[in-house]
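Here is the structure we will look at, set down as structure tokens.
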Amino acid sequence: MADQPQFKWAIAHIFSSFNNTIITVTDLTGAETLAKTSGGMVVKQDRNESSPYAAMQMAMNVAEQIKAKGIQGVHIRVRAPGGNHQRSPGPGAQAAIRSLARAGLRIGRIEDVTPIPHDGTRAPGGKRGRRV
């Protein structure tokens, strides 16, 4: 019996805030980084680093790099700043996922790994909250 060619998977870690988007692709263990890019590598203005356009360009660059290394599919882990900060991902997250799929990569699972505090440090605004 002939051996079936092994389907190679990786994990795409997408960190998306309202200031930047960072995409890092690692092997399944997370030990080896295969490709890495951030908003500042594809756009000139700081204010555009978190934009969906920048995320699309980043995802295309990353997809090219990992396809060259023989990766055919990715599991996606989306992360927002979390903790005492914003718990919803920025505008670049969805564009990055869509762009990875459009680049011809198989999408496995998509999970949200935003850190959630279990009563950690005091939230900004102090004891009485933000008074407007």
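Cβ atoms here come from the backbone N, Cα and C positions, even for glycine.
If you check Swiss-Prot, you get these features:
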type: REGION; residues: 113-132; note: region 'Disordered'
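Outside the region 'Disordered' (113-132), and at least 6 residues removed from its termini, the chain residues within Cβ reach (under 8 Å) are 77-84, 87, 89. Applying DSSP to the region 'Disordered' (113-132) sorts its residues as follows: 0 helix, 0 strand, 20 coil.
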